[in-house]
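Enquirer: Could you have a look at this structure, given as structure tokens, before my questions?
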Amino acid sequence: MVHYIIVITLLALGLSPHCLSSKTVGGGYLYPQFYDHSCPKAQEIVRNVVAKAVAKEPRMAASLLRLHFHDCFVKGCDASILLDSSGSIISEKRSNPNRNSARGFEVIDEIKAVMEKECPHTVSCADIMALAARDSTVLTGGPSWEVPLGRRDARGASLSGSNNNIPAPNNTFQTILTKFKLQGLGIVDLVALSGSHTIGNARCTSFRQRLYNQSGNGQPDNTLDQSYASQLRRNCPRSGGDQNLFFLDFVSPIKFDNSYFKNLLANKGLLNSDQVLFTKNGESRELVKTYAYNQELFFLQFAKSMIKMGNISPLTGSRGEIRQNCRKINA
Ligand code: HEM
């Protein structure tokens with residue numbers, strides 16, 4: 001409470017409450033008004049470029065939402081995912097979860113280019129990704145929230161962090177939950193954030209195992225609806241077609257709604273990591289049902305969990321930097 005009052009006072013005086021950042025626990029100090037004076041158009045710039053990109057290609061909303069997730073789970077939300085390989089940096093773009101899969105980098109570049117013209121050296125790439133994730137959600141019909149801002153950009157990447165921290169679609173429920181807990185997120189966040197799979201695509205290679213040989217006995221996954229499975233097999237053969245694309249939510253693939261959860265109730269989750277939320281744990285099963293029956297509750301929790309995810313170990317104060325080009329660290 002005292003902290004809150006100090007921050008409000010500092011803001012009222014037009015001062016940055018950054019001096020308090022080291023005192024806070026569970027991440028640095030972020031707040032939605034961070035750029036109100038230094039770059040009042042920051043949010044509008046992100047919104048406009050994202051809107052244009054999504055109008056051109058609806059899937060881009062999903063890709064931008066996922067980018068923020070894959071950034072935050074590796075050394076925190078610090079734009080490490082955007083760095084290309086160079087010098088001592090090995091790009092996270094090469095990791096298993098990202099290779100041939102993570103996309104949207106050109107849209108971030110475009111936002112950054114406009115941003116640097118409007119207010120040079122001011123808005124971080126990490127904040128741009130957090131805003132783009134929110135705007136992508138809103139543009140596709142999902143909830144909105146105020147994005148806490150003030151993240152700074154990392155001066156390094158972690159390929160191993162990207163490989164190890166981001167859950168894989170064939171991980172067990174327990175492994176996935178553990179990976180979330182290591183980031184300070186819980187089962188409620190896991191289920192709500194998985195609801196992101198209400199938009200976007202996955203490649204055949206990400207779920208093939210379920211169609212042909214789920215547990216090494218040459219049988220398909222028995223928690224996958226059999227007619228849905230045979231439909232998927234048509235374009236996801238036993239071998240080949242690795243990069244063929246499928247909607248994560250076949251009912252409303254470009255609409256952010258709760259049909260992802262309804263699909264799980266009907267054994268029509270695409271990824272193993274989706275369906276296990278309904279089949280492997282009582283508590284998550286109840287959450288899936290809750291969100292399937294009540295979209296409003298899903299939206300409320302999704303917004304909360306996105307803010308929580310966006311708070312994972314940000315660089316604040318004088319740590320990190322404001323990159324000029326999101327793909328490389330400043331000279
Ligand atoms: C719970 C563990 C999760 C696993 C195992 C997982 C796994 C995956 C996989 C395998 C894909 C398809 C990638 C491909 O085949 O190219 C995917 C796509 C996607 N994921 Fe997740 N994901 C998880 C959680 C999340 C979270 C927390 C978010 C966002 C907050 C998210 C957002 C997305 C989106 C939007 C797509 C579609 C991207 C596109 O179309 O470009 N996922 N995910």
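For all residues, glycine too, the Cβ spot is worked out from N, Cα and C.
TrEMBL lists His70 with the feature active site, proton acceptor. Positions annotated as heme b binding site by TrEMBL: His197. For Thr198, Asp249, Asp257, the entry in TrEMBL reads Ca(2+) 2 binding site. The disulfide bond annotation in TrEMBL covers Cys39-Cys119, Cys72-Cys77, Cys125-Cys326, Cys204-Cys236. Here TrEMBL flags 29-330 as domain 'Plant heme peroxidase family profile'. Here TrEMBL flags 1-21 as signal peptide. Among the features that TrEMBL reports, site 'Transition state stabilizer' is placed at Arg66.
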Enquirer: Non-local Cβ contacts of His70 (active site, proton acceptor) (under 8 Å, 6 or more apart, same chain)?
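Expert: Those within reach of His70 (active site, proton acceptor), by Cβ under 8 Å and sequence separation of 6 or more, are Ile81, Glu92, Pro97, Asn98, Ala102, Ser162, Ile166.
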Enquirer: Express the distance between the Cα positions of Cys77 (disulfide bond) and Cys125 (disulfide bond) as a whole number of Å.
Expert: 10
Enquirer: Quick one: average pLDDT across the domain 'Plant heme peroxidase family profile' (29-330), no decimals.
Expert: 98
Enquirer: Which of the recorded positions Cys72, Thr198, Cys204, Asp249, Asp257 have a Cβ less than 6 Å from any atom of ligand 1?
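Expert: Near ligand 1: none of them.
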Enquirer: Using the Cβ centroid of Thr198, Asp249, Asp257 as the reference point for the Ca(2+) 2 site, which residues of the same chain not in that list have Cβ within 8 Å?
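Expert: Once Thr198, Asp249, Asp257 are set aside, the remaining close residues are Gly195, His197, Ile199, Val251, Ser252, Pro253, Lys255, Phe256, Asn258, Ser259, Tyr260.
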Enquirer: Could you check which of the recorded positions (Cys204, Cys236, Asp249, Asp257) sits closest to Cys119 (disulfide bond), going Cα to Cα?
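Expert: Result: the closest of the recorded positions to Cys119 (disulfide bond) is Asp257.
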Enquirer: If I restrict to non-local contacts, at least six residues apart, and a C-beta distance under 8 angstroms, what lies near Cys326 (disulfide bond) in its own chain?
Expert: Ala79, Leu82, Phe105, Ile108, Asp109, Lys112, Cys125, Ile128, Asp153
